[in-house]
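J.: Per TrEMBL, compositional bias 'Basic and acidic residues' is recorded for 242-260. Annotation source TrEMBL lists domain 'Small-subunit processome Utp12' at 762-866. Positions annotated as region 'Disordered' by TrEMBL: 221-260. Here TrEMBL flags 361-402, 403-444, 489-522, 538-572 as repeat 'WD'.
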Amino acid sequence: QFSGLLGTVYRRGNLSFTRDGNSLLSPVGNRISLFDLKNNKCETLPLATRLNIVCVGLSPDGSLAILIDEEGAALLVSLIGKCVIHQFYFHKPVHSVSFSPDGKKFVVTKDNLAYLYHAPGKKREFNAFVLDKTYYGPYDETTCIDWTDDSKCFAVGSKDMSTWVFGAERWANLIYYSLGGHKDVIVACFFEENSLDLYTISQDAALCVWQCDTELNGLKPMPPKDAAKEKKAEEDDEELLEEPKGEEIHGKADPSEQETRDKVKYSRIAKYFFNKEGDFNNLTAAAYHKKTHLLVTGFASGAFHLHELPDFNLIHSLSISDQRIASISINCTGDWIAFGCSGLGQLLVWEWQSESYVLKQQGHFNSMVSLAYSPDGQYIVTGGEDGKVKVWNTSSSFCFVTFTEHNSGVTAVTFTSTGYVVLSASLDGTVRAFDLHRYRNFRTFTSPRPSQFSCLAVDSSGEIVAAGSQDSFEIFIWSMQSGRLLDVLAGHEGPISSLSFNPMKCVLASASWDKTVKLWDMLDSWRTKETLIMNSDVLVVAFRPDGKELAVAALNGQITFWDHENAAQTGSIEGRHDLQMGRKELDKITAKQAAKGKSFTTLCYSADGQSILAGGLSKFVCIYNVKEQILMKKFEISCNHSLDAMEEYLDRRKMTEFGSMALIDEGGGGDEGVAIPLPGVKRGDMSYRHFKPEIRVTCVRFCPTGRSWAATTTEGLLLYSLDSGLIFDPFELDIDVTPSNIHKTLNQKEYTMAIVMAFKLNEKKLIQEVIEAVPSSEVDVVCSSLPDLYVEKLLEFLASAFETSCHLEFYLIWAHKLLMLHGQKLKTRSVKLLPVIQFLQKSIQRHFEDVSKLCEWNIYNIKYALAISQQRGMKRLAEETPGDEEELDSDSDYLM
């Protein structure tokens with residue numbers, strides 16, 4: 001099942017800190033990621049909206065979130081259970097959503113209206129979203145919301161350059177009128193702490209300070225008679241309406257003098273302008289922390305300012321990007337500020353007092369093209385069209401190093417067998433080797449004549465590097481040790497599409513568009529050992545982990561399997577129908593017709609070699625059983641309809657007499673700052689066009705531990721892993737094997753029998769209980785008497801237990817004894833057991849790194865403490881010595 005999204009940290013929408021201020025919610029396309037900043041972990045919630053998320057509303061207690069997509073479809077999500085509770089459709093695009101501080105109401109703005117809803121409660125309800133009131137007032141689209149601290153009133157900013165103050169309840173002395181004073185769109189409005197005083201900020205970088213003549217507790221409730229009369233009039237109107245609008249409240253832009261008498265009055269006491277030099281006049285986002293009076297503003301140039309209000313003192317200004325800052329959020333303590341830049345997909349968390357980054361993450365600017373797992377499965381390396389090579393940690397989901405040496409798109413990446421060297425091939429004509437110890441590019445391999453490299457392979461020893469060219473049709477072989485070009489293999493008559501080294505033998509397989517796969521023998525002076533003739537252009541080739549089988553995917557949509565020793569085909573899979581292409585908005589032909597020319601572009605064997613993963617230009621990844629040659633499962637990697645080619649049939653509602661509505665460019669004058677092209681207008685990028693990226697899978701790889709696989713897609717890097725916790729999967733179950741019998745056997749100290757019975761029942765908690773009940777002195781005896789079949793199962797359990805358990809030494813004793821006693825037998829089944837051993841190695845390696853750092857730090861501290869105590873001891877001795885000498889002299893005098 002889906003377990004995580006890496007490679008993309010922010011797309012668009014508003015960022016939100018959780019209640020404790022330690023975690024950050026970030027919308028990533030149609031999913032939502034939760035960044036735990038204290039524990040340095042990232043988690044993507046297992047739910048998705050139909051289109052990209054544009055706004056997120058977080059309840060004050062942090063248990064609920066409302067996610068709203070581009071068309072106004074909303075999901076009510078539980079952040080505790082990480083599941084969807086309710087779905088709702090607002091019918092039109094929503095600009096912002098905000099919960100009241102008491103959590104009882106929430107406001108949604110769409111068009112020029114504000115809607116007040118009753119917030120969902122803790123109990124089960126038939127309809128979680130109950131409309132309470134509809135507020136009229138602004139003439140143009142509403143943009144932002146802010147609440148007073150006691151949830152009595154809220155302010156709404158609009159594109160008509162006005163800000164409106166509305167009451168959540170009817171107040172006798174509060175009439176709803178607009179506050180002007182701005183010459184551009186309102187970006188944000190904020191109430192002062194425990195006050196009706198208001199700050200409004202517009203896009204032309206102007207700040208207005210509004211003072212209210214009434215305190216919050218000075219608001220008078222509406223007399224019951226008037227309220228009842230108004231409610232009856234509303235109900236009479238509602239009978240005529242098709243859908244209920246709740247209580248309708250109309251504001252006035254210019255109320256008469258009589259209406260404003262004895263009412264709440266606002267007066268503008270100050271107007272400030274941000275630095276207008278350069279690009280600081282296009283303000284795009286703002287956030288305000290009420291307790292510390294800290295105002296943070298972001299600009300289209302990528303700069304941000306920190307000001308202290310109400311005096312408008314500049315604390316500091318800094319540029320964090322060269323792209324527009326789309327969203328800003330401040331945590332509850334006011335220490336951390338989160339910035340989202342949608343242009344580059346950047347997410348930054350800045351601690352303003354120490355002026356340091358808490359988090360700095362950025363995905364690939366363009367789509368990812370390739371990925372590779374490290375041998376222990378702990379890291380993933382990705383290469384993108386932006387020329388960057390990024391290394392990600394699979395447990396924390398964070399990128400910890402980015403290499404930017406390539407000048408063009410990266411086409412292939414791989415790890416060497418040691419796991420400490422990353423290799424990447426690029427269209428700039430270089431293959432680069434990066435060291436993960438010192439984070440540097442230590443080797444650069446080039447060809448005699450400039451060539452664009454399309455594929456890459458490294459042999460199992462990590463000594464031989466091969467790269468295929470797409471323009472000269474040659475394969476270049478280099479030595480990793482010396483960096484010298486060893487050989488150039490010619491023979492193909494078309495671009496080289498894929499390379500793969502046999503893991504067990506010194507054989508290189510190369511696939512080409514000339515409809516052949518050639519096998520080159522490394523030990524026999526790189527002679528062509530065999531040429532396999534295909535029916536169509538070959539796109540990708542992959543060896544099975546044991547090196548005995550070769551899988552080839554061709555342009556005709558077929559996957560063929562070969563016994564390369566005898567050059568005989570052993571099987572084939574017709575996979576074109578399984579790809580199930582979608583129809584793009586501008587396609588002239590149907591998806592069924594288009595699918596005839598489509599094929600798999602990436603292949604990968606599972607860790608045990610029994611199944612094969614295949615992906616291509618579609619939203620599906622297929623997993624096949626190699627032996628039976630049947631489709632086992634099809635994974636739909638995305639349900640995001642903001643991407644192109646998602647639907648099989650075109651939507652008739654989007655077709656007009658002039659053709660598809662997709663042809664009409666609605667990009668002009670949008671939020672991205674693109675000006676409508678009028679004569680003399682100098683602002684905005686005229687080349688900007690609104691486009692939909694096409695859904696595709698560029699690369700799939702199986703984790704060496706066999707427990708997960710990853711795919712690089714238009715959406716980002718998706719991880720799918722086995723979830724062992726939810727499935728009851730008994731093994732050789734017997735009628736006598738019950739939890740009570742296992743406990744009875746355990747009490748009789750028959751430990752081996754109890755372990756075998758626990759594995760038969762296959763309940764993880766029960767297995768853990770039984771193993772932890774075995775005394776450490778008995779581990780040796782139990783391991784030696786354990787049947788071979790259960791040794792493998794116990795090793796797999798130990799590997800997963802290492803990830804969560806605190807009994808580190810105890811489990812290490814188990815692993816050590818099992819490997820020592822059964823090592824020889826395990827070696828005979830090494831190919832089958834490799835994923836389990838690698839999973840165990842990954843778990844131990846992670847603990848080793850953590851514990852070794854801690855130990856080194858402790859040793860350093862102890863040495864430091866010893867050095868200081870020795871220094872102090874020397875000083876004390878020096879101070880005490882003169883006194884001692886006097887005493888000795890007096891004693892000797894006495895003796896004499």
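Heads up, the Cβ atoms here are built off N, Cα and C, so glycines get one too.
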J.: On average, what pLDDT score does this prediction assign to the domain 'Small-subunit processome Utp12' (762-866)?
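T.: Summing pLDDT over the domain 'Small-subunit processome Utp12' (762-866) and dividing by its length gives 83.
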J.: Take the repeat 'WD' (489-522) and count its residues per DSSP category (helix H/G/I, strand E/B, coil), listing them in that order.
T.: 0 helix, 19 strand, 15 coil
J.: Hey, which bits of the same chain come close to the repeat 'WD' (489-522), Cβ under 8 Å, at least six residues off its ends?
T.: 454-460, 464, 466-471, 473-477, 528-543, 545-548, 550, 552, 554, 562, 564
J.: Sort out the residues at least 6 away from either end of the repeat 'WD' (403-444), same chain, that have Cβ-Cβ distances under 8 Å to it, and list them.
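T.: For the repeat 'WD' (403-444), the far contacts come to 366, 369-376, 378-379, 381-391, 450-458, 460-462, 465, 467, 478, 480, 483.
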J.: Just to be sure I understand, if DSSP states are collapsed into helix, strand and coil, how many residues of the repeat 'WD' (403-444) fall in each?
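T.: Here the numbers are 0 helix, 24 strand, 18 coil.
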J.: Where else in the chain does the repeat 'WD' (538-572) make close Cβ contacts, counting only residues six or more beyond its ends and a cut-off under 8 Å?
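T.: For the repeat 'WD' (538-572), the list is 497-505, 507, 509-513, 515-517, 519, 530, 532, 579, 598-605, 607-609, 612, 614, 624, 626, 629, 831, 834.
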